[in-house]
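Colleague: One structure coming up, written as structure tokens, with questions to follow.
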Amino acid sequence: MASAMLFAVRRLRRGWRSGELFILVLALAVAVAASAAVNLFTERVRSALDAQTGEALGGDVLYSARRPLPPSLSPSAQALGLRTTELVHFTSVVFHGDASQLASIKAVGAGYPLRGALRVSSEPFGPARAAAGVPARGEAWVDARLWQALRLFPGAMLKVGALELRVSAVIQAEPDRGNGFADLAPRLMMNGADVADSQLLGPGSRAQYSLLVAGDAPAVQAVLAQPVPDGVRRQTPREARPEIRNALSRAGQFLDIAIVAATLLAAAAVALSARQYGEKLRDEIALLKCLGARQGFLVRALLLQLVLLGAAAALAGAAVGYLAQAALARVLADLMQLELPPPPLKPLLAAAALGGLMLLGFAAPPMLDARRTLPLRVFQRDLAASPLSRSVWIAAFAAAAALLWLASADTRLVLIVLAGIGLSAVALALLAWLLVLALQPLRRRVGISWRFGLGNVARRRAASVAQVTALGLALLALLLVSVVREDLLRSWQRKLPADTPNQFLINIQTDQVQPLRAFFQQRGYPALELWPMARGRLVELNGTPVTADSFPDPETQRWINRDFNLSWSTTLNPDNRITQGQWWGEAGRGQPWLSADEYAIERLHLKLGDTLTLDFAGERVTLTVHNFRTVEWDSFRPNFFLLAPPGVVPETVPTQWLTSFYLPPGDRALLRELIDAFPNVTVLDIEAMMNQVRGIIDRIVTAVEFIFLFTLAAGVTVLLAAIEGTRAERIRETALLRTLGARAGLIARGLLAEYAVLGALAGFIAAIASQTVAWVLAAQVFGIAYGPRPHLWALGTLGGAVLVALLGGLSLRRVLHTPPRRVLQQI
Amino acid sequence: MNLISARGVGKDVMSGGQPLTILADVDLDVAAGESVAIVGASGSGKTTLLSLLAGLDLPSRGEIRLDGHDLSGLDEDARAELRAGRVGFVFQSFQLLSGFTALENVMLPAELAGYKDAPARAQAALERVGLGARLSHYPHQLSGGEQQRVAIARAFCAEPTVLFADEPTGNLDAATGARIIDLLFEMNAARGTTLVLVTHDAALASRCRRVLRLREGRIVHG
């Protein structure tokens, strides 16, 4: 073992010094680094975002119940090191002098909110500041609507039950408000310790008791592992903020592309360079066998080389990955206003395992195959060309499948990328063959340098085709990265243009629709689009009565327990897409049809043709599912799980309307006028939330672009490996040509011509392939429009020629300046 | 006692879809300590015979015994084990490992044979061939003659019982070649090693105790 180790170390030392192992280690390290960086960073961002989206709940976990929560709940969370605070929600009429208003009262404990910030001002729509704590005992904070409704002023006294409270601030932003568009009464916030004195909460009174919990991730995990007491509902931020989840999962898809492409490319580079290294080892193995080396020794020496190589690459890759994610975190965490948790160890181990798998699947088989070399090769070098055994290909195929399985959870995306790369490889090989043939007649019409270069391409036809294919795949990945970056990422960013609606108006009564339109028209705003909405309860599904208990799934139970918001229209919002069935249009008017969104389909296991009976305050309406829709919930326009044609819901059913519009930053005074004119209308200002989403998208785009650098690096390793493949032969030929009197300049021009032609061929084919893959990805995965980009073809061809000629020139630079005697002597 | 013996040895290969006989009915015995030159024109089968005698390949027919072992009865691994420590090689193209220093190249056979004192042996062998000052030089830093001296040091390092040499002077000029031959025979004589060498060089062949001439795969004189 000792001498096998010595041999392995000496051989690696030599391989490293000569550069023949550099590409192999580089490719492995790039793959490990890419995986480590992406997984470390996304893991940290994901948990940080979980914390940030905790703002939507005001904490990391929310327990709520219709009766006081079990007294043990808060202490048991605190025992885990978590912070807690208790809330009580109830509605009650609030008096100011003679004026009264039904208000949604929220009594908060010290420390509220545990996540996010409460923002207050001295008067409605005035400059906001972060609230210092919660309302003091005897004080009340109210929202603009309650302020308007009761004509309040700073220091005004309010009567809440038996309690007198002094108004001391106006609530501008409340992190955990606005889950859905329930017809919220105006808000009054008071200190939790005052609740008892109000004497409003007795047995049988309707109130919601909540406990907010927040803390570090392990403690939160621990509390989530505990059972939920009966009658208590537990929510986490994962169930909140679909628009941010959406952004994250979209980012996940982009990162998946980056990582899948980087992994496959690195695997190709590893396979190419391991095969080349294995070929070089054959002469030595033949000699070692002559000198008495046995299989055991050779296998040990080869395995040790692999282990040492793998360890070096994994360490280097993990270190680079770690630094890369740290750099990302440093640059982005500030921007993201995210407090990133420390990097977890698991992604690093997973990345090292990925490196090990690549080594086993792509590097080990061709290297170990070299041990089959016959000792007779010391006399007959051409014994070399024994084809690789079948096990090499099987191992590579199995490893590729395993790598993709590891790299991404999105099977469809992986299949598209894989099919794209596979088809491209076949197309590349075919086209390369034709183009190489087409070069033949060209040779007679060009100068000596080009003749030499083109001659090489045409003469080594099989090698040239293989090289163009490998180069093409690498260029394909590079182009794909640029396409995804430039077109797909940008069009995602553009999905939230500057004039995206940032205000929602809800609780609009039918007789207010026209005056409201006029209000906006007078102020020069674009025509408002208003959506009617009626609230019904699901009572029958396919004629069978249903209650919450008919469904085992708690989320469905909760949904059934709430009223369903049904809207109606003959036009489909642009952010809705029909996935099954047909949109009814004008023809639907009066038809008892229903359009269901994915959420409703999933919750109720709907099929087209199913019937739902909804009870609208005593009026029953039975609707047949006519089509399925997907909704882009991150579009910030009103959308509904259930839609019907107009004229289906009886006019006697109470109807409210809602709308959204874009309020330019300087126009905030309009809100006050609006509240004055329509006091019952609730304004939901989602500007802050939208900015957060927009910010998150921007940051994620930056992160994805950074990660694409690894894909680029992996692509370059394939280019290098492909160029390196014929280097030995070129060195020999160059020495021979120089011996025959060819000047270095002539040979250099010839070689550059050859590389340029190979690069141009590969680039041209890669451009076509990248367009096709991008088009499929855009349509199938991202749902983004994508048209052909002819300039990319020119870019691919020219870029391929320049890049390959440059890298090829660099790899042969030393050879051209070495005296031919030395070269010939070394061969 | 014969260290090497061949009986009825033949070797066929496929060439252009047709079987081609490279060696036919070769019978030969080499006694321990003897020196034998195999001569003949290019393509007469000299190197093939050498590789068969060294167990690098197996004959299509016949039997070869090396140090009492029937080579046909051994698999490739067992033949390698048989060579380790018993057989030395000197090649026309030196066959040094380019990434290994002179010392590392020379100690390789001794290491493979499991000698614990491989570095000391290698250093002694290099000193004997006059390269004691070039232990840590790499092959590309040595001249052709020096490289072949390293190869000779390597061949003798594990103190083999038999040394196979394939055109040992083929890549060297006359003067260097002559010095290499002197060194080879000198070390051979000092250790009583059996020597089988393949050469075109009549002068070199004449220094061996026996000369075998091959023509079209058959021994015509020996």
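Cβ atoms here come from the backbone N, Cα and C positions, even for glycine.
According to TrEMBL, the transmembrane segment annotation covers A:254-274, A:302-328, A:348-368, A:388-407, A:413-442, A:463-484, A:700-723, A:755-786, A:792-812. The domain 'ABC3 transporter permease C-terminal' feature in TrEMBL is assigned to A:258-365, A:706-820.
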Colleague: Do we see three or more Cβ pairs under 8 Å linking the transmembrane segment (A:413-442) and the transmembrane segment (A:302-328), pairs being at least 6 apart in sequence?
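Modeller: Per Cβ check, the transmembrane segment (A:413-442) does not touch the transmembrane segment (A:302-328).
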Colleague: May I ask for the residues of the chain that lie six or more residues beyond the transmembrane segment (A:254-274) and have a Cβ under 8 Å from a Cβ within it?
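Modeller: Beyond its ends, the transmembrane segment (A:254-274) has Cβ neighbours at 20-21, 23-24, 26-28, 30-31, 34-35, 38, 42, 354, 358-359, 361-367, 396, 399-400, 403-404, 407-410, 413-414, 417-418, 421, 470, 473-474, 477, 480-481, 484, 488-489, 700, 703-704, 707-708, 710-711, 713-715, 717-718, 720-722, 724-725, 777.
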Colleague: If you count every Cβ pair below 8 Å, which range out of A:348-368, A:463-484, A:755-786, A:792-812 shares the most with the transmembrane segment (A:700-723)?
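Modeller: The stretch with the most contacts is A:463-484.
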Colleague: Would you kindly list the residues that approach the transmembrane segment (A:463-484) from elsewhere in its chain, counting only those six or more residues past its ends and only Cβ-Cβ distances under 8 Å?
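Modeller: Residues packing against the transmembrane segment (A:463-484) from afar: 254, 257-258, 261, 264-265, 268, 272, 420-421, 424-425, 428-429, 432-433, 435-436, 456-457, 708, 711-712, 714-716, 718-719, 721-723, 725-726, 758-759, 761-763, 765-767, 769-771, 773-774, 777, 789, 792, 795-796, 799-800, 803-804.
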